[in-house]
Amino acid sequence: MQFKRLSDLIARGELQGKRVFIRADLNVPQDSTGNITEDTRIRASVPAIQQALQAGAAVMVTSHLGRPVEGEFKPADTLAPIAQRLSELLGQPVALKQNWVDGVDVAPGQVVLLENCRVNKGEKKNDDALAQKIAALCDVYVNDAFGTAHRAEATTHGIAKYAPVACAGPLLAAELDALGKALGEPASPLVAIVAGSKVSTKLTILKTLADKVDNLIVGGGIANTFMLAAGLKIGKSLAEADLLGDAKAIIDMMAKRGASVPIPVDVVCAKEFAPTAAATVKDVADVADDDMILDIGPKTAELLARQIAQAGTIVWNGPVGVFEFDQFANGTKTLAYAIAESKGFSVAGGGDTLAAIAKYDIGDKIDYISTGGGAFLEFLEGKTLPAVAILEERAQG
């Protein structure tokens, strides 16, 4: 992927005295009184802002927060708590500007936060007139919001068409570099772990990866559907009978090119889905009609851990069992530690995956943890991300 980078512009001294517009992802969770409960995204936005300030730029930053109604600003939509947190992290004042589309006063060395961009009429529809107005505010546009890269909106796509210069910030660039390395030019064998409750939500990803990977490890409800497709009994476990044909096609497609979807040899079952449910390890042939499969068994976990240990590249999206309940967490825990210890290049993403990484404290052992949510999944699906495509287009001239 070829795109301009903020770091290159800074290295060439091209930000001195310039007006820089940074689209960040500051969409953080808040409690009922508006206090920020988790500030990872705000902290992740700081390097781009600091780099631009140190390079002598006048810096404007914006983001969406929640799902406001366009043209109807409500107190709950405000970025005020974020301005305060940014100010603490940067060690300098961060003024919050409202009604900013028609002009912003900011001097070199200063940073201002522009109020919730999704309140502007036309933002979500990528309105061309709005995009041109916003682009006129700056000399350099920086997209540092991978989490919204799959959406074509006025501050993620339209502005990049019209700003004099459009580039990727450090967060976006690192994300694209890591995902490009994992899927564009992967060291083999390439192992993907795709887990979740439903095949239907991840069918496109499964089909795309089935073309690329050496081992496609499935977990959760997805694995149950694949077990059914392989002719195994799954009791009363969650599965999608209408997608058996798709699961069979993926198994056959991979087998034809010497790749595999490893089907579990043992599983952890319970009679009910509850935090106190009794867990029983069973060989797959012994699953009873009233059993629910809630994790892969220890033999399966060990076999998969060996495949992960030999991998050149690992892409991880989803825990393989109900890891929130400790008695059904062994599969996810075993694979998490195998990924952490593997010498292969590892990329992980998705909310539940991030929760598992936090639970087993392996964040520093994963090569790249994607903050992207929906954008990460669309990248895995092989889709073009509009916000990235426009940066590539601008880089070509």
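Even glycines carry a Cβ here, placed using N, Cα and C.
Here is what Swiss-Prot records for this protein:
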BINDING   Asp25, Leu26, Asn27, Arg41, His64, Leu65, Gly66, Arg67, Arg118, Arg151  substrate binding site
BINDING   Lys202, Glu324, Gly350, Gly351, Asp352, Thr353  ATP binding site
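Residues near Gly351 (ATP binding site) in space but far in sequence (CB under 8 A, at least 6 apart, same chain), listed by position: Gly373. Cβ neighbours within 10 Å of Asp352 (ATP binding site), excluding its own Cβ and spanning all shown chains: 17. On a Cα basis, Gly350 (ATP binding site) lies 24 Å away from Arg118 (substrate binding site). When Cβ neighbours within 10 Å are tallied across all protein chains shown, the highest count among the binding-site residues His64, Arg118, Lys202 belongs to His64. Nearest by CA distance to Asp25 (substrate binding site), out of the binding-site residues Lys202, Glu324, Gly350, Asp352, Thr353, is Gly350. Distance between Cα atoms for Asn27 (substrate binding site) and Lys202 (ATP binding site): 24 Å, as a whole number. Ranking the binding-site residues Gly66, Gly350 by C-beta neighbours within 10 Å puts Gly350 at the top. Residue pairs drawn from Lys202, Glu324, Gly350, Gly351, Asp352, Thr353, the listed ATP binders, are separated by up to 21 Å at the Cα level. Of all the binding-site residues listed (Asp25, Glu324), Asp25 sits in the most crowded Cβ setting, with the most other Cβ atoms within 10 Å.
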